[in-house]
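Working notes, structure below.
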Amino acid sequence: MHFSIPETESRSGDSGGSTYVAYNIHVNGVLHCRVRYSQLLGLHEQLRKEYGANVLPAFPPKKLFSLTPAEVEQRREQLEKYMQAVRQDPLLGSSETFNSFLRRAQQETQQVPTEEVSLEVLLSDGQKVLVNVLTSDQTEDVLEAVAAKLDLPDDLIGYFSLFLVREKEDGAFSFVRKLQEFELPYVSVTSLRSQEYKIVLRKSYWDSAYDDDVMENRVGLNLLYAQTVSDIEHGWILVTKEQHRQLKSLQEKVSKKEFLRLAQTLRHYGYLRFDACVADFPEKDCPVVVSAGNSELSLQLRLPGQQLREGSFRVTRMRCWRVTSSVPLPSGGTSTPSRGRGEVRLELAFEYLMSKDRLQWVTITSPQAIMMSICLQSMVDELMVKKSGGSIRKMLRRRVGGNLRRSDSQQAVKSPPLLESPDASRESMVKLSSKLSAVSLRGIGSPSTDASASAVHGNFAFEGIGDEDL
C-alpha cells in the first residue's frame, strides 16, 4: 500500500469558531481519511507505549505558536514520511493500534454512522452475494460474512480475499487494490460514489498447487471453477481452439475438477491481468499488457509487424523494486505550499538479473503500479512460506464473547454458462505468443526515476543465476 499526504486543508471546528489544519491521508492515490496533527500525535504516543520509542520513526514535534504556511508544508512532509515508515514496518504496520486508528479515521472522515447495511459482493463471474454487515466492519469481518453466506469452511477463508475493482463496459474487472485490514469495505466502496466500483471475491494465492486444498470442498471447487471460466472468457488465460474445445467438452460433462486440471496447464492460469500501460521494455514508451502470476510478471507487447510477444520476469530474479509517484508541476515550473496537485503518475521499477552478473532496471508506468507491487510482494511472501514448510491455511480469530458470526441464510455458487467460441483475433494472438521466443532482454538502459521518491522493497526470495541458466 502506498501511503501519502499530498495535501492539507484549513477547516473550521465543530462549533464553527477557530480553524485547524487537516492532513489528508491517501492510500494508493485515493483519500482514505482526514486527520489533525493532535490525532496523529495520539497514535504515535500509543504506539510508543506498546512498542517503545526505539522502534518508532521520528515524529514532528509540537509547536507553541501557529504554524506559517512553510511550516505546515514541512510538517506535512514529515508526517507523510512517518506514516510511510510505520506502515512499512512489519510490526507496527500490522498492529491493531495502527489499523484501528485508520479505520476510525476513515469512518469519521466519510461521516458514516455505525449501522447494519446490505453489502453487495461479486464473485469473479459476476454472481452477486448480498451480506448483512455493519458499516464499521473491517475487511476480515466482511470476508467472513461472505464465506458464511456461501458456506465456505473456516479453514478455507484464508485462500480468498476481497478486492476493490472497477467494472468495465465489457464486464471485466480492472483491479484497484486488495482490501486491507486498516479499512472498512462498505465505506471504501461507497465513498467513491460511483456504481462502477465493486467488491469482488477472488482467490488470493498464486501457486496452483494450493488448488488441491480448495478443491477438496464443494464450495471451494465451485468458486475456483467460476473464476477460471470467467478468466478464460475475458482472455486472461491463453487458450487455443483445441484446448477450448476440450474445456467445453468437460463443461458439458460437468467435470469441474478435470476442467480445472486442464486449465492449470494453460498459460496465465491464475494470473491477474492489468489494464494496458507503458513500459521501457524492450524500448522506451512501449505499449504493454502486464499480468501477474506463477511467480512472475508477464509483459505482452506488439512489435513492428504486429507480432505479439511476451517477456516474462521471474520474481526470484528481481533484486528489489520500488513504486514512485510524481505530480506534474503547475505552469511556471515551481511548486507552492498551496498543495494544489495534478494527476499523479505512478511507476513500478524493478532491478532484474538479466544474466549472470548483470542487473538492469525495468520500469512500468501504470495507474495500477501499486497493485502490481502488492502482487510482487505477495508472491515473494508465498514463496517464503512454502520454502519454510508453512501453510497458507488461516485459522480465524475467535471474537470476544462468542463464535464467528454465521449467516442466517446461505447461497449456492451457481455454475457459469458454457464457454463461448473464441474470437479470431484472440486465437491468432495466442498462436504468435506460443510460437515466438521471448523478446530480447538486452539493450535497455536504466530509468531516470529518482529512487528517493519512495521506499525500495528488498526481495528475500532473490536468487542468483547459475551457468546452467544461461
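The first residue you see is number 1, and the count goes up from there.
Including glycine, each Cβ sits where the backbone N, Cα and C put it.
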From the candidates Ser366, Ser415, the one which Swiss-Prot records as phosphoserine: Ser415
In Swiss-Prot, the entry for phosphoserine among Ser208, Ser325, Ser437 points to Ser437
Over the domain 'PX' (1-109), what does the predicted model average in pLDDT? 92
Over the span of the domain 'Ras-associating' (115-206), count residues by DSSP class, listing helix, strand and coil in order. 24 helix, 35 strand, 33 coil
